[in-house]
Amino acid sequence: MLAELDLRDNPYAEQRRKGFRWLKFDAPLEEAYLAYLLQRYQLPRRIGGIILTLVLLFFLAQDIHFALTHYVPTLSGALIALRLICIAAIQCCAWIGERQTSPMQSQRWIIYGLLSLSLCTLASTLLYQPVLLGLGIPVALDTNFLLLIAIFFPIGHNYWNAVKLALLVCISSWLMLALMLSPEAMPDFWHLLPYQVTALLGLAGMRFSHDHATRAQFLTRGILNHLAGTDGLTGLLNRRAFELRAQQSLQQAQREHKGTALLLMDVDHFKAYNDLYGHPAGDQALRQIGQLLQQQLQRGTDLAARLGGEEFAILLHDCSAQHAQQVARRIIHEAEHRLAIPHAHSNTASHVTLSLGYGLAEPGETLAELYQRTDFALYRAKSSGRNRAEAATPGSQIPFPFSE
Ligand SMILES: Nc1nc2c(ncn2[C@@H]2O[C@H](COP(=O)(O)OP(=O)(O)OP(=O)(O)O)[C@@H](O)[C@H]2O)c(=O)[nH]1
């Protein structure tokens, strides 16, 4: 169903077409996916963090109880210190991670938090091992299971980082135990190892299928959002998406003291064109004009939209008055001479032409105010003969209902 719709220039559709067998998207989309994960799993991540802290506090209480009953000066002090360091490190990483603006950085702090948890757990397992052996308890590897669950828990970090960390934790703990265990304890160790490997593979597999499903869902959402904001005929933004994005772009430009230009265009004598050549030919002409406008965008932040019927708009970010004028004149020229769509019933020219109004935002001006001024310029272009571009002058407005 989605494949039948127009999905030109849609990175989500392109990625879906290419696939993501190794759970990796192309660079800009991967970053957007991480940001989505971090936002979507914010609540589970916080709950996971609280549970983890409670578990560590429980272990801390156990260590204090152990210290009170079988006080071993070096061991008890070291264990309690390790628990405290681990709780502090996790809280610290969570605090810094939450404050990062980039999803890549935020994700890094999740990994640092899990790494400190892994190191402290590994160190405490090693410290406990001689005591447990002394008490006749065989090799204890159960904390590794808990660690693996924490690492693979979907807390918004990249799958492959989770796999690397899990392998690092498992292999280093196995190696250390294999080196420090006495020969009598080795059979127990070999007996427990397959359980660990099975847990590692099982959790990695589950997380893989979860991540795969989340990625597929992310792409579908992206495609649907794109379609909701796209004009079906031309592939440009529709009015709603344009208003939303133009608003954000204007505010950003004003914060950065950069210029923003709005260009409004209307096809001349389009009713006569439809009447003469038919509606499908009219649609084709609108598509060609849409392409022409799209080609005028030089930066990723520039926007082109079909506002409705035969009305189009362009928003140029970080733009000077001179550049806006150049683009406006080029559009008028290219519409008539490059597209050169014959229009035998036009009173203006032998080909389809456009009328255009353009305006540069003034300091503190809202999008609605800029739109009104520019629309007045377009009105002047129409009333003074069509097939021309008129610049909006400051303060020139006609009453026009335009919602912000
Ligand atoms: N083919 C086609 N025509 C459309 C579409 N949307 C609106 N129109 C037509 O665009 C025409 C607009 O006509 P008018 O608003 O009278 O404007 P005009 O004939 O271009 O006259 P001026 O703007 O004054 O030059 C109408 O005939 C609409 O039917 C569309 O999606 N496809």
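Including glycine, each Cβ sits where the backbone N, Cα and C put it.
Predicted, not measured: the structure shown is a model, and the values here were computed from it.
The transmembrane segment feature in TrEMBL is assigned to 47-68, 74-97, 109-129, 135-153, 165-183. Annotated domain 'GGDEF' per TrEMBL: 258-394, in sequence order. Per TrEMBL, the feature region 'Disordered' maps to 385-404.
Counting same-chain residues at least six beyond the ends of the transmembrane segment (47-68), those with a Cβ under 8 angstroms from any Cβ of the stretch are 76-77, 79-80, 83-84, 86-87, 90-91, 94, 117, 124, 146, 150, 153, 155. Within the chain, the transmembrane segment (74-97) has long-range Cβ neighbours (under 8 A, six or more residues past its boundaries) at 49, 52-53, 56-57, 59-60, 63-64, 66-67, 105-110, 112-113, 116-117, 120-121, 123-124, 127-128, 131. Residues of the same chain lying 6 or more positions beyond the ends of the transmembrane segment (109-129) and with a Cβ under 8 Å from any Cβ of it are 45, 52, 59, 75, 78-79, 82-83, 85-86, 89-90, 93-94, 96-97, 100, 139-141, 143-144, 146-147, 150-151, 155-157, 161, 165, 168-169, 172-173, 176-177, 180-181. Here the domain 'GGDEF' (258-394) has a mean pLDDT of 96 out of 100. Sorting each residue of the domain 'GGDEF' (258-394) by its DSSP state yields 61 helix, 33 strand, 43 coil.
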